[in-house]
Amino acid sequence: MENGFSSPRTDAFPAGLRVLVVDDDPTWLKILEKMLKKCSYEVTTCCLARDALDMLRGKKDGFDIVISDVNMPDMDGFKLLEQVGLEMDLPVIMMSVDGETSRVMKGVQHGACDYLLKPVRMKELRNIWQHVFRKKIHEVKDIESHEGGPDEFDDGHLLSAGDTNLAKKRKDLENREHDDQEFSDPSAAKKVRVVWSVDLHQKFVNAVNQIGLDSEYQPGFLFNTLICIFIHKNISYFILCPSGDIWLSYLLFTTFSCHLNNACIEPLCVILLAEVGPKKILDLMNVPWLTRENVASHLQKYRLYLSRLQKQNEPKTSFGGIKLPDFSYKDPPGSFGLQSSTTMHQNNAANTNFGYSGNKILVQDVGSQIHGGDLEGIVSFLPAAEPKKALIGDVPDPQKTSSSSLMGTTHSLESLRPDVNYASFEFTIPRQHSWSGETPVKEQLKQEHEPYLLLGDGYTNPPLPIPHHIQVHRLRSVPSIYPRTSITERDKLGPIETRPLCTEYKSNHVTSISPVGRTVDLFSVQADSHIINPQAFEAISTITSSTKSRNFDQNCVNNLESVQQNIIPGSGSALLSSHGDVQLFSLQGCGYTENIGLQNIEFSDYNDSELVTELPSHLYDGLRFNCDYLDLMEYPTVDQGLFIA
Amino acid sequence: MESNHLQRQIAYTRKSLFDQGFLDEQFIQLEDLEDDANPNFVEEVVTLFYRDSTRLILNIEQALEKSPLDFTKLDNYMHQFKGSSSSIGARKVKIECTQFREYCKAGNAEGCTRTFQQVKKEHAALRKKLEAYFQLVRQAGPAETASHSK
């Protein structure tokens, strides 16, 4: 029957509730076990958080509720709480002898459904079943609303009081199971709540890892890095390296730079960050009934979790843990996204709220022109050489880009040193970038949402052909696309050229929008500080910013910080082709300029009018900006180079 | 009678533990948990506590020998210790723990050291008392323990 209550119970719910207790104190563990047994619950004890997680994962649906102490030696109770919420979606109760408001608040913030103070009393434990019941009810409601069927509840209602709860619970469980596995009804209209069971989450993590592996890098960060490797014939070639981190991107860049040098092409360096997209994950997961939205929201949670991990692991959150030599973030880590707003001209409000959300910046690349196809999708780091902080080492103004913008980048790979501080993705986003007039872009920019600079469809696609619209601009003053903060959720970015810019922006979801495909998942900039991928922003900024003054704002940096980037190490080619995600983007003229509805976009003067101001629409695809994120956009990171004219 | 006398002695000892503030309500909760399935539950828990807390005390002692003192670490250890002590209702021990943590927060090394001596003292004193108490209880036999009233 229902798989909810596996053990036969003679009593009605809540007897037999399966509780997992986690506490490093053996005395308390013993006491709690006894107390819970007295409540007729089924108790399993565990003194290590890791063991608890293993148990939870091993026994799918084996527990109804978890009670955990806050202070544990091997793992912070809050972390465990998050994990359980992510993977198993079970109600978790926190316990501690410390009842300070801040602690309790932290517990609630991390998703605890209750916070008990030690010493715990029997009566408190007797009532824990309510959390289980409440969750079930909510799920059933979701299911019901989704399926619109009253059936699920009928039985419950018809049963006698004693059985009602049980029956209802059973139904709930059944429904839940059903929902999980059989729900393939594409009733997109209704959002059925997906329960992220252990298996499902494992599939999710595997998919993410897969993407990371494809990137030749272990995922720790769910961000793609977009690098503009070079510009050839006015086309900037970018690589979007999924699951890369800045450092790896850098490596990638340097790898490619050799190729480029061989081909007598001056490499640039642009770092764009994007994220692993839900679409790709969804594809890899191969779960038919799961929607991209489900994955996106789960990805968001996961990112949050990872970022927290990172923050804890690295005092300075430089790019997701990558410490680049010259990492000079203005803002100390921990600030997601654009924080710094110092450089950002505009607003900042948005900046602060960046978080990263599965945005992806897809820069589509301009594939064909890439040399040797390897470069496809090569994302090069554009040194922000610029006036402001040279992002990457010092990038001498390349000849190519007259303006420069791109982050100063340009071209010289050599100038990019490992210690380029990508980190500073503070790429100086040239604020001053002024988009060289790409009218079309501008128009597009007008759209409310700021386009993501990179759009690409799909990162999921294998080496992208050069986006038609994308022109590679020499890194000239690439108009920086400053995201306007006006991006609101769901705003679609106006396609830069003809392409629609990111498609709907889901609040908090960063899904790749875009007609092109999934890919560009722009960070959904959420005004309410949901996370926006700073990276995305960075990337975008990078792409856009090109004018000389690229100053990447701190935001960029911040973004980088907060963005966990996965830099794809290794050969660019490998990157490129191996991942569908790697895409070369050629950003077209950063035409994003003020025209773009982005509020925060400040376009510095673009020197280079050559730059194609139009970003290929797919660049914008998936750009979802929340206003907040637009700040990123300010950075004309994607400058010229990025834009493929 | 012997058993009555014993029972009275047990009751008296128990009461004085509460009256003198050595134990608090948590101890009663533990007694409530005792049943046929676990007739010696309270003693088991107390034994477990003393085994574990000895380790915690050692940690704190070692930490107190370092110089300069790492107050955060000390506070963490004491937090743990306090949590553990609360499990059996060791009231006086808990009070000293709280005091210790105050000194930690204030960065008062001397206060910490001094208070820790008090913690150990109370910890040991309670142990003696409980050992004596349980000895009586065991002497009285299982039937007698059930006569404990809440």
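Numbers here mean position along the shown chain, with the first residue as 1.
Each Cβ is built from the backbone N, Cα and C atoms, and glycine gets one as well.
Among the features that TrEMBL reports, domain 'HPt' is placed at B:38-133.
According to DSSP, B:His79 (phosphohistidine) sits within a helical segment. Counting only same-chain residues at least 6 apart in sequence, those with a Cβ under 8 Å from the Cβ of B:His79 (phosphohistidine) are B:Arg101. According to TrEMBL, the feature phosphohistidine maps to B:His79.
Taking DSSP states H, G and I as helix and E and B as strand, the domain 'HPt' (B:38-133) has 84 helix, 1 strand, 11 coil.
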